[in-house]
Amino acid sequence: MTGLLEQADTGLSEAGWEALRAAAREAMAHAYAPYSGYPVGAAALVEDGRTVSGCNVENASFGLGLCAECGLVSRLQATGGGRLTHFACVDGRGEPLVPCGRCRQLLYEFGGPDLVLETPAGFMTLAGMLPQAFGPEHLTTGRTAADGKASDGQVADDPASDDQAS
Ligand SMILES: [Zn+2]
């Protein structure tokens, strides 16, 4: 698969990645996964230097289980919002894991195509893991006149919109 980045090109030192992995492992230790026995932890850096993390939370109604990324983006917003720049996710052994398809979409909302992820194969951008992503920018281009007034301006200000304007 193409799109792999050298560590030096990720904008984060190896020590920085190790700290991010450690935060993901710490979150994983708090996972609630009694049904699958598959704990997951995720952590991401925010552009202002914060680290946010989350763990998976299952439910007796199996389909309602929440991935670790759900908690992560909630923590992001609850602690001030901002853009995600680097992301790591680990399994119960603490080894790198890829986000599921749904969570790639969750991450796109807050990190855009340039978010750098650690995967079992190496470092990749989210653009490489979720090609031609649907994002906030599409909500401004596909609107009709009738619902155009629903815009609050937040979508149009998203820096990710510049990358997908074609
Ligand atoms: Zn997921």
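Placed from the backbone N, Cα and C atoms, the Cβ positions cover glycine too.
Quick caveat, the model's predicted, so the values are computed rather than measured.
TrEMBL lists E69 with the feature active site, proton donor. What TrEMBL records for C67, C100, C103 is Zn(2+) binding site. The domain 'CMP/dCMP-type deaminase' annotation in TrEMBL covers 15-137. Feature annotation from TrEMBL assigns region 'Disordered' to 140-166.
Mapped onto this structure are the features recorded in TrEMBL.
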residue: C67; record: Zn(2+) binding site; Cβ within 10 Å: 19
residue: E69; record: active site, proton donor; Cβ within 10 Å: 24
residue: C100; record: Zn(2+) binding site; Cβ within 10 Å: 14
residue: C103; record: Zn(2+) binding site; Cβ within 10 Å: 21
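Those same-chain residues not listed among C67, C100, C103 yet with C-beta within 8 angstroms of the centroid of the Zn(2+) site C-beta atoms are A68, E69, C70, P99, G101, R102, R104, L106. Residue pair the residue listed as 'active site, proton donor' / C103 (Zn(2+) binding site) shows a Cα separation of 6 Å. Looking just at the domain 'CMP/dCMP-type deaminase' (15-137), the mean pLDDT is 98.
For the domain 'CMP/dCMP-type deaminase' (15-137), the DSSP-based tally of helix, strand and coil residues reads 45 helix, 30 strand, 48 coil.
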